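Q: The structure that follows is given in the form of structure tokens.
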Amino acid sequence: MVSQSSEDVQSPLLNQSSSQYHTSHDIPREVTPSQHCKIPTPTGPTEFNMAFVSFLLASSGVFLFAGTVWYITYNAPYILFIWHPTLMALTLFMSTFGILVLQTTAKQGEKNVGLNWHKLFQSVAFIAVIAGFSIIITFKNQHNKDHFTSAHGKAGVFTFSYLLIQAIFGSILVNFPGVVGGRSKAVGMYKYHRFSGYFLLVLIYITALGGTQSDWTREQFNHIWVWLLAIVLVGVGVATRAKSSKLKIW
């Protein structure tokens, strides 16, 4: 028989307080997409990174959408107009990945690398949207057509303007924080830029979907389910990677 010392025998009161202490500290934390989740299998639990799965979903969607646009423009008879959807698809592509690369960064080193990629992707998107917008303006001027008469055209000019403002505002926060009162204030305004970026991404895909239903596009490729599938994949992927704690603006 194993003897017990006085230190080994604890009073019920001590046991109760100890239990309460551990209970308060053992409350499960909120599971974020970046954490590894254990999945039971016949050979034991296995782990996978949900953030990576979400990234694959979003990537598949954006490649499907942009890739289909580029397939259409590559095979269509050449006219100046085809550069408009080509460049706007590039804008959509870069804007999506510009968000994905920053969503799950946690450590400062990861944030710095993610920010550099974000700036690169969004800079390309900025140039592409200006070029794509200029192409459609030039094309319609050459053919004496009115501007911004369709729902797609109206949505396009609004999204174009919004993207320019978003890009300029983001550049000021990162590169010229003194304009808004210094680095600390600029960092505090990141949350507004982030929230606005998600809203802009929704606008981009709504506008792009409208473009896929134009007469010219449907003559080349009339399968709306492809566009809807791509948008669903992107939406699920981006939404499941987003951290709610980073979207609180009030």
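In case you wondered, yes, glycine gets a Cβ from its N, Cα and C as well.
As listed in TrEMBL for this protein:
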COMPBIAS  1-22  compositional bias 'Polar residues'
REGION    1-36  region 'Disordered'
DOMAIN    46-250  domain 'Cytochrome b561'
TRANSMEM  48-72  transmembrane segment
TRANSMEM  78-100  transmembrane segment
TRANSMEM  120-139  transmembrane segment
TRANSMEM  159-180  transmembrane segment
TRANSMEM  192-212  transmembrane segment
TRANSMEM  224-242  transmembrane segment
Q: Can you tell me which of 48-72, 120-139, 159-180, 192-212, 224-242 gets the most C-beta pairs within less than 8 Å of the transmembrane segment (78-100)?
A: 120-139
Q: Take a look at 48-72, 159-180, 192-212 and tell me which one has the most Cβ pairs under 8 Å to the transmembrane segment (224-242).
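A: Of the candidates 48-72, 159-180, 192-212, 48-72 scores highest.
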Q: What parts of the chain pack near the transmembrane segment (120-139), using Cβ distances under 8 Å and only residues at least 6 beyond its ends?
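A: Cβ under 8 Å, 6 or more out: 79-81, 83-88, 90-91, 94-95, 97-98, 101, 147, 156, 160, 163-164, 167, 170.
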Q: Cβ under 8 Å to the transmembrane segment (48-72), counting only same-chain residues 6 or more beyond its ends: which ones?
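A: Contacts of the transmembrane segment (48-72) (Cβ under 8 Å, skipping residues fewer than 6 from its ends): 33-37, 39, 85-86, 88-90, 92-93, 96-97, 100, 103-104, 205, 208, 212, 217, 220-221, 226-227, 229-238, 240-241.
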